[in-house]
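Chemist: A single structure is presented below for examination.
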Amino acid sequence: MSTVAPPADQAADVLKKLSLDSKSRTLEIPEPTKKTGVYQYGAMDSNGQVPSFDRSLSPMLPSDALDPSVFYVPNVYQQPYYYGYGSDYTGYTNSESVDMTSGAYGENASLVYPQGYGYAAFPYSPATSPAPQLGGDGQLYGAQQYQYPFPLTASSGPFASSVPASTQSKLSTNKAANSASAGIPKGMNGSAPVKPLNQSALYGNSALGGGLAAGYQDPRYSYDGFYTPVSWHDGSNFSDVQRSVSGSGVASSYSKANNNVPATRNQNSSSNSHYTSMYQPASMTGYAAQGYYDRVSPNKSYGQYGSTVRSGMGYGSSGYGSRTNERGWLNTDNKYRSRGRGNSYFYGNENIDGLNELNRGPRAKGTKATEEVSSEEVKKQTFDESNTEETVTCVLPDREECNRDDFPVEYKDAKFFIIKSYSEDDVHKSIKYNVWASTPNGNKKLDAAYQEAQQKSSGCPVFLFFSVNASGQFIGLAEMKGPVDFNKNIEYWQQDKWTGSFPLKWHILKDVPNSLLKHITLEYNENKPVTNSRDTQEVKLEQGLKVVKIFKEHNSKTCILDDFSFYEARQKTILEKKAKQQQSQKQVWEGKTNDEKPGTVDSTM
């Protein structure tokens, strides 16, 4: 058994075997670089803490991800602009006079990336982005103060706005109608301050029903009381202001001014949840000055889940409000009208009063006028034309007399033209008064054709195929019976811009769908179908005879005569409306004339 060395000797042994280097080495450990986390609305520190949501901050996007021709939205969802939705980008400015016309950012004018799910529209390009905003006048607008939309998911507690109203506007309230809604006790007259419409401060007990909470501005009406052109909902339409929508989508978190019990949010899942992000503080300076959320991308641009695909694709009442037609402008004159698509409540391009152009009458929905109008009931009417009174004879044609079986369909020589009317109201008046008027160029074209036809000894009638824009059908065949009188203006057209007139006679009155005529192409119109023609488009003899034959042989169950009483009532209402407008304009003009008389002193000086 070997002896064990003492511990002191063992320690000395170990020390001898150790080899020491001449240079000391330090352990090199790379220090971790602090990486800034990317957050949707700004920067996030290394601890994962998200900074407070501040409106003064700008979004942080990586520099290599920016393209001068691309507009990057906060939620990174990019939507194309070329789907035909450019009509929602209208020429308006916000309260800071920043142009909001163009839907294109940067150099590429064919693309724009509007917001995707649930975000309001932006009037500015991102503050840190080099992409300039291209205005409608061709000017480039630099980065402005960035404005964030309200978050989609609202807080559980009551929302208190930190944005003060820009102006303390006051509206005089009606003691009978407005005193109660403004929180003023009955019997008191005066004015009440208008509160801004904040997020989720919508309506009473449901999303769109029961009226607004007291003291808040109704977003469906502009500051002057007119119905707003912007449709704020994409679901079922409502035909009355006080009518509620079934199934509350977003309840108000505000307590009414005359109620101490605050309303609670609806915790149930609803497809209308994206409404919360579209309502933001609004002042009473008018819709043209309410900022970025109304005119650029109104809520009607978004579908049920916030995408840019409209429900109904623009047709039917699901895409537009039942009181408006697409933009739904309330026009005070007849010269400039919106030519939008119709909805299920009206029959065509109607406005709030329902008196704009109709491309089809009630018969298009399978209903006919309940009252039949006879020729005796159509009385003579007198119109003031160039300070001379002229009596116009109105004769209602008989249906069988117009659609005669012996009407010839073969002609050795004849001229044919397509007439595109803006409304059936004008066609109704043409049938009633046996007269028509086209555009200045159209009148010249038709008059030249008629003068040329009259010089032919063998006879050459000039036929007109009538169709209303966007109606999908032709409605009749008429013949010119005289030259165009360029100095004779008729006042009973739907619009006041038509000048000149010429007499005609109606031969066929029936609804002929375009599907029966699409196979006929026109050499004068790049071989396009006859159904794709402009006003006063000339048709060659061969194609014209084919159209006449189809008109005669088609067995139609409806024609414009079915809606004659309907258009008679509309004409009366339109004339009354025009008379009131003229009277109002006359009063305004007389007031201006009195103010401009010598000797009057301006009170503002």
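Each residue, glycine too, has its Cβ placed from N, Cα and C.
Predicted, not measured: the structure shown is a model, and the values here were computed from it.
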Chemist: From the ranges 301-328, 357-384, grab the one Swiss-Prot calls region 'Disordered'.
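Modeler: Checked against Swiss-Prot: region 'Disordered' maps to 357-384.
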Chemist: According to DSSP, how is the domain 'YTH' (414-551) divided among helix, strand and coil residues?
Modeler: 42 helix, 45 strand, 51 coil
Chemist: Quick one: give me the count of other CB atoms within 10 A of the CB of TRP498 (RNA binding site).
Modeler: 20
Chemist: Would you pick out, from the binding-site residues LYS420, TYR422, TRP436, the residue whose Cβ has the largest number of other Cβ atoms within 10 Å?
Modeler: TRP436
Chemist: Across all chains shown, how many C-beta atoms besides its own are within 10 angstroms of the C-beta of ASN469 (RNA binding site)?
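Modeler: So the Cβ neighbour count for ASN469 (RNA binding site) comes to 14.
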Chemist: If you pair up every Cα among LYS420, SER421, TYR422, ASP426, TRP436, ALA437, ASN469, TRP493, TRP498, TRP506, the residues annotated as binding RNA, what's the maximum separation in angstrom, rounded to an integer?
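Modeler: For the residues that bind RNA, the greatest Cα distance is 20 Å.
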